[in-house]
Amino acid sequence: MKYRTHKCNELSLDHVGEHVRLSGWVHRYRNHGGVVFIDLRDCFGITQIVCRQEENPELHQLMDQVRSEWVLCVEGLVCARLEGMENPNLVTGSIEVEVSSLEVLSRAQNLPFSISDEHINVNEELRLTYRYLDMRRGDILDRLMCRHKVMLACRQYLDEQGFTEVVTPILGKSTPEGARDYLVPSRIYPGNFYALPQSPQLFKQILMVGGLDRYFQIATCFRDEDLRADRQPEFTQIDMEMSFGGPEDLFPVVEELVARLFAVKGIELKAPFLRMTYQEAKDSYGTDKPDLRFGLRLKNCCEYARKFTFSIFLDQLAYGGTVKGFCVPGGADMSRKQLDIYTDFVKRYGAMGLVWIKKQDGGVSSNVAKFASEDVFQEMFEAFEAKDQDILLLIAAPEAVANQALDHLRRLIARERQLYDSTQYNFVWITDFPLFAKEEGELCPEHHPFTAPLDEDISLLDSDPFAVRSSSYDLVLNGYEIASGSQRIHNPDLQNKIFALLKLSQESVKEKFGFFIDALSFGTPPHLGIALGLDRIMMVLTGAETIREVIAFPKTQKAGDLMMSAPSEILPIQLKELGLKL
């Protein structure tokens, strides 16, 4: 049986007089007495079909029994709609199909939520439980089809650039990469476990050792970590690695790749992208993921804070803290109530409070007005280039606290005051990250232990490791990190040195990374790589609020699959086969 001659988005006035066959779901049903109208929907669009009782009473009776989301196959004649009855919201809105025969292919139960009315707000848990119904509402399928086109564009471009797609193993060895591993018990080796990959990091580096010049993979990765709006326990990344190159070779390739991906949605990007060091980003925006669609740039105010008699300023400076903030153009219209709300907001991030200074009619209004002279305030206005009716918002706190609080505050204010265009795409490369971070007073990798230090900082590894910068880079878009990578260590002695600084014993290194150190010891080319978060890119590209909206079958924020009721208990016999007990 041939189910269709056309899709539900294809018919137009050019087809009037043709006999056609369509298949799809009942999107909407309307019985106007002697006339039944059905909007028939498939993946591609909607076509109105119609049956008149006076012309075909038996068929009219059958169509009158049809309900929402039944699957139909219909035959009929394409006719022009009556003048004034056209639907400009449909590509098929100038025609309708007068049905001559109808077959019910599948019936549907009563729906848990409306599919035809996309504007009805449906609880997300209910949507995820019935994900297959949620897909029919339109947005999800549109995003999945866009994702498909993005992956096609990715593969085509990287092939043009000489990259080879290689699939790396899913079952691997548990190695410390930052997050917790998902572990898979081995039946054949009782008491031993595979780990699902947090990334193909070691495999792709070993591919470079093996002589592959350029590698890529659209890889599924797994991390057992606490979830946020832009995180999932399993996610997809565009993984890349290349030999005999540095950042200056990689950046143009990635910029053109991103441009090709955005071109799928008709968005034109300009390259090269802006570059900024990690320290510049922290100093000016309080974060290594700055949103550059708007200003509100941070400025250090310590030299002016010392001229105050305000104890909170002076105490923070005495204990090595900072005073910094930003200027909000036209922000002098903020009420006391609004400023109190902002004060409570920054306290969530550890700040003690918020200092505000308004420039109004050439004078000063401030909650710290009595702690400094008029001249000091005027100096601050000049430093911030503040104009009349602007406001300065300042925080006195340890550097990390001040940065975090101000980062969140500037984003909040920019959103509330509509200081940016939501259709604007501002990319920036963040470079020269610290090689190490501090965790409970100990060294830990800022990215991962395979990142190469900058050549000029290698001499500091023993004397001042926290001052060592790395040859690493993130690509940030509108405040989201969408890619991260680095130059890799290709010298086994330097790699062992990094492991030693991280206080990994030789036994531990041999157990977890012995195979990798062995590989580096057989002649390894200089190499570097990057991974682009496909889910995050799709989230930004399609305007989705979370990455759950761009994944076919996502997990909840508690890492559960509501549709399949996973994770689930397993049978005692399965545990026994694995040599496990609960």
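Even glycines carry a Cβ here, placed using N, Cα and C.
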From GLU280, GLU481, GLU577, the one annotated by Swiss-Prot with ARG223, ASP224, GLU225, GLN232, GLY533, LEU534, ASP535, ARG536 for ATP: GLU481
Annotated region 'Aspartate' segment (source Swiss-Prot; candidates 13-16, 201-204, 569-572): 201-204
DSSP three-state assignment for GLY84 (site 'Important for tRNA non-discrimination'): coil
Long-range Cβ environment of LEU534 (ATP binding site), under 8 Å and at least 6 residues apart: ARG147, VAL150, MET151, ILE218, PHE235, THR236, GLN237, ILE238
Neighbour count (Cβ, 10 Å) for ARG536 (ATP binding site): 21
Cβ atoms near ARG488 (L-aspartate binding site) (within 10 Å, other residues, all chains): 23
Proximal residue to HIS32 (site 'Important for tRNA non-discrimination') among binding-site residues ARG223, GLU225, HIS447, GLU481, ARG536 (C-alpha distance): ARG536
For GLU225 (ATP binding site), nearby residues of its own chain (Cβ under 8 Å, 6 or more apart in sequence): ALA179, ARG180, ARG231, PRO233
DSSP-derived class (H/G/I helix, E/B strand, else coil) of ARG223 (L-aspartate binding site): coil
